[in-house]
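Feature list (source: Swiss-Prot):
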type	residues	note
ACT_SITE	94	active site, proton acceptor
ACT_SITE	335	active site, S-methylcysteine intermediate
BINDING	114, 118, 121	[4Fe-4S] cluster binding site
BINDING	161, 162, 193, 216, 217, 218, 292	S-adenosyl-L-methionine binding site
DISULFID	107-335	disulfide bond
DOMAIN	100-324	domain 'Radical SAM core'
């Protein structure tokens, strides 16, 4: 008997091989792919264009993994909706839906937990469990779209986990979600956030995937950044910037930099001037983020006047800078917070 496989992780060409090897016509591959990624039919018994015999084969060989929404919280302040989604093995990830005037966006998790250990990020406060598979990333989108009866326009890989630490599965997910016969998401509407895995940034450039990337910078001085973000002990800021320059040269995609502003820690003129020296000659966008305080990181958020002062100083010095609009702050909107609270209530360490 053939070993169980996860057909939802397969491209159309891979599905063709599967169907032919099991005595079926190649065109069945496209039908199956569209059932999953276009029509949101996940149960082979509901694929009425397949014979009973073929449905039986799919049930026999396919290791069907169902994901489900276990909790949804709606913000009372904006149109943000925070989801807890349970994987087939019982692990839980966060997914955030955001509604804007011009588009919809979804923030996806790529791992269960995170290895990176950034001090101010709730995602790292419970142990790393495993990487998410491609179908589990797709499922976050499809479940939310079905729940809200909407079409999502933009994807940001900024949820729980470091996407480039799960490179193979994330790149496969991008292949699936951008396939014209499925979700047909524009590659230009996908943004990946990374803490700066230099080797993977270079690989991403060489693989010519063409998505947008944004770097979690948060401090312009290596010796201080290392204390906030342990990955800095492996890759210096200079190495990260060199990799970003290479990515821009290969893809022509403007690089984003994220900078969480922490009161009396990284918000003085000294830090602004250093950022200017690092970024002023680069085709980039600096995105200032107000710190979302968590219990394990006892620091304060700056007020809006300080944020505006920071932004104006950077723009005056030729660094294109914006302030990220805070979404869902009344529903533990920052990455990982809702999952942590849920795990704590259940006594999960």
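Each residue, glycine too, has its Cβ placed from N, Cα and C.
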Completion exercise
For residue 217 (S-adenosyl-L-methionine binding site), the nonlocal same-chain Cβ neighbours (under 8 Å, six or more residues apart) come out as 196, 225, 237, 240, 257, 258, 259
Practice task
Do me a favour and check the Cα-Cα span between residue 292 (S-adenosyl-L-methionine binding site) and residue 114 ([4Fe-4S] cluster binding site); whole Å is fine.
Solution key: 18
Handout entry: Neighbours of residue 114 ([4Fe-4S] cluster binding site) among the recorded positions 94, 107, 161, 162, 216 (Cα to Cα, within 10 Å)
Key = 161, 162
Completion exercise
Min neighbour Cβ count (10 Å) across recorded positions 107, 114, 118, 121 flags 118
Practice task
State the Cα to Cα distance, in Å, between residue 193 (S-adenosyl-L-methionine binding site) and residue 118 ([4Fe-4S] cluster binding site), rounded to an integer.
Solution key: 14
Completion exercise
Cβ-Cβ distance under 8 Å, sequence separation of 6 or more, same chain as residue 216 (S-adenosyl-L-methionine binding site); the residues meeting this, in order, are 118, 193, 194, 195, 196, 229, 258
Completion exercise
Here the mean pLDDT of the domain 'Radical SAM core' (100-324) is 94
Handout entry: Distance, residue 218 (S-adenosyl-L-methionine binding site) to residue 94 (active site, proton acceptor) (CA atoms, angstrom)
Key = 23
Problem - Which of 193, 292, all binding-site residues, has a Cβ with the fewest other Cβ atoms inside 10 Å - result: 292
Fill in the blank from the handout: DSSP output for residue 161 (S-adenosyl-L-methionine binding site) maps to coil
Problem - In the chain carrying residue 161 (S-adenosyl-L-methionine binding site), residues 6 or more apart in sequence that have Cβ under 8 angstroms from it - result: 109, 110, 111, 112, 113, 114, 123, 131, 132
Exercise for the section: Compute the C-alpha separation of residue 121 ([4Fe-4S] cluster binding site) from residue 107 (disulfide bond), stating it in Å without decimals. Expected result: 15
Exercise for the section: Within 10 Å of the Cβ of residue 218 (S-adenosyl-L-methionine binding site), how many other Cβ atoms can you find? Include all protein chains, please. Expected result: 25
Practice task
Pop the Cα-Cα gap between residue 162 (S-adenosyl-L-methionine binding site) and residue 107 (disulfide bond) into the table, whole Å please.
Solution key: 13
Practice task
Could you tell me which three-state DSSP class residue 107 (disulfide bond) falls into?
Solution key: strand
